[in-house]
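Read the structure below first, then the notes.
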Amino acid sequence: MTKAACVKRSGLWSIPARTMTLACLLVFMAQMATTVYLPSLPTVMRELAMSRRATELSISIFVIGAALPVLFWGAAADRFGRRAPLTLSLFLFIGCSGLLALCSNGTQLLALRALQGVGAGGAAIIARIIVRDNWSGDELARRLSVLSIAFITALGGGQFIGGLLSQYSHWQMGFVLMGATGLAILALMA
């Protein structure tokens, strides 16, 4: 799709609307993977017999996992197109989320959170690349502002949802929700 074709078409579910919806969901998903988990930390620490430090490390290791391979994901998106690396990052994210929902020890949790971060980081950076591909100038600035709103919404919304899940369900349901979000995004891409 050319940049001009994307910008010219309009409507409720036009290509630009679908593109921005996809990009916002990707950014929201990646950030929510950090915040939805936060309210469950005390429960995770108790159930997996982890120290407070190791439990808190599960947050840091996710963020590091998301940040370190950014150049890899960008290069892969340039070399292979946007869809294949995005799909790979989503499969990694969904797979790790599913395994985290079944996680039974601290070592598994830390390893899977790092890999989940790699998948989330890939999805988030490719979302920004897709927006940059399709818009420029003032319109690009507006679209990136919308992505920032999705990011910020996930900060509070993820903690709120995580708190509800932590109170009324099992701590692993947050990972089920993350996996379901990734699957919904894959369906939107089809």
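Each Cβ is built from the backbone N, Cα and C atoms, and glycine gets one as well.
Unlike curated entries, TrEMBL annotations are predicted automatically.
TrEMBL has this to say about the protein:
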- 19-190: domain 'Major facilitator superfamily (MFS) profile' (DOMAIN)
- 20-38: transmembrane segment (TRANSMEM)
- 58-77: transmembrane segment (TRANSMEM)
- 84-102: transmembrane segment (TRANSMEM)
- 114-131: transmembrane segment (TRANSMEM)
- 143-165: transmembrane segment (TRANSMEM)
- 171-189: transmembrane segment (TRANSMEM)
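Looking at 20-38, 84-102, 114-131, 171-189, the range that has the most CB pairs within less than 8 A of the transmembrane segment (58-77) turns out to be 114-131. With a cut-off of 8 Å between Cβ atoms, the residues of this chain six or more beyond the transmembrane segment (143-165) that come close are 20, 23-25, 27-40, 127-128, 131, 134-135, 171, 173-174, 177. Long-range contacts of the transmembrane segment (20-38) within the same chain: residues 44, 58-59, 62-63, 66, 86, 93, 97, 116-117, 120-121, 123-124, 126-128, 130-131, 143, 146-147, 149-151, 153-159, 161-162, 165, 174-175, 177-178, 181-182, 184-185, 188-189, each at least 6 residues beyond the stretch ends and with a Cβ under 8 Å from a Cβ of the stretch.
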